[in-house]
Structure formats: C-alpha cells, structure tokens
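Swiss-Prot annotations:
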type     : residues    : note
DISULFID : CYS7-CYS43  : disulfide bond
DISULFID : CYS23-CYS39 : disulfide bond
DISULFID : CYS26-CYS52 : disulfide bond
MOD_RES  : VAL72       : valine amide
Amino acid sequence: ANFDPSCTGVYDRELLGRLSRLCDDCYNVFREPKVATECRSNCFYNPVFVQCLEYLIPADLHEEYQAHVQTV
C-alpha cells in the first residue's frame, strides 16, 4: 500500500493496509479511477471513503473503521 503523506497520526502499516484495501475493493466494484484516488485523499477522511465503507463493510464494523481513520 502506498503511504499517504496526508496521514499524520500513527504510522501503522496494518491499519493503513486495511483502509487502503477497502479503497481497492471499492474501485473493483465501481471501476471508476477517481474512486481509488479520492477514497485515499485526506488520509481516508472524505465522503468517498464513507460511501465505500457503507457499501462494502457490515454496519457493525463502521465505527471500527472510522476509529482507524482517526488513528492514522
């Protein structure tokens, strides 16, 4: 996974990998090139990431992912 310089929190390779994989999966579903880049923008703190999260991840895990975003 590429390291996003906009992430200024904890550098946790595993967490960043999970967030990045969500963006990859989202891109694979929607096949829109901008999805992959926008999902990662602002260190995953953006509306595209939230849409991907809601579409791909069970609702009971949303808070966990949101906490990851705030960590990195």
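Any Cβ shown, glycine's included, is placed from N, Cα and C.
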Protein Cβ atoms within 10 Å of CYS23 (disulfide bond), excluding its own: 23
CYS26, CYS39, CYS43, VAL72 as recorded positions, winner by CB count within 10 A: CYS39
Reduced DSSP assignment, the residue listed as 'valine amide': coil
Minimum Cα separation from CYS7 (disulfide bond), reported as the residue among recorded positions CYS26, CYS39, CYS52, VAL72 that achieves it: VAL72
Distance from CYS52 (disulfide bond) back to CYS39 (disulfide bond), taken between C-alpha atoms, in Å: 8
Distance [Cα-Cα, Å, rounded] between the residue listed as 'valine amide' and CYS26 (disulfide bond): 20
Least buried by Cβ count (within 10 Å) of the disulfide-bonded residues CYS7, CYS52: CYS7
Pairwise Cα distance for CYS43 (disulfide bond)/CYS26 (disulfide bond) [Å, integer]: 16
Where CYS43 (disulfide bond) falls in three-state DSSP terms: helix
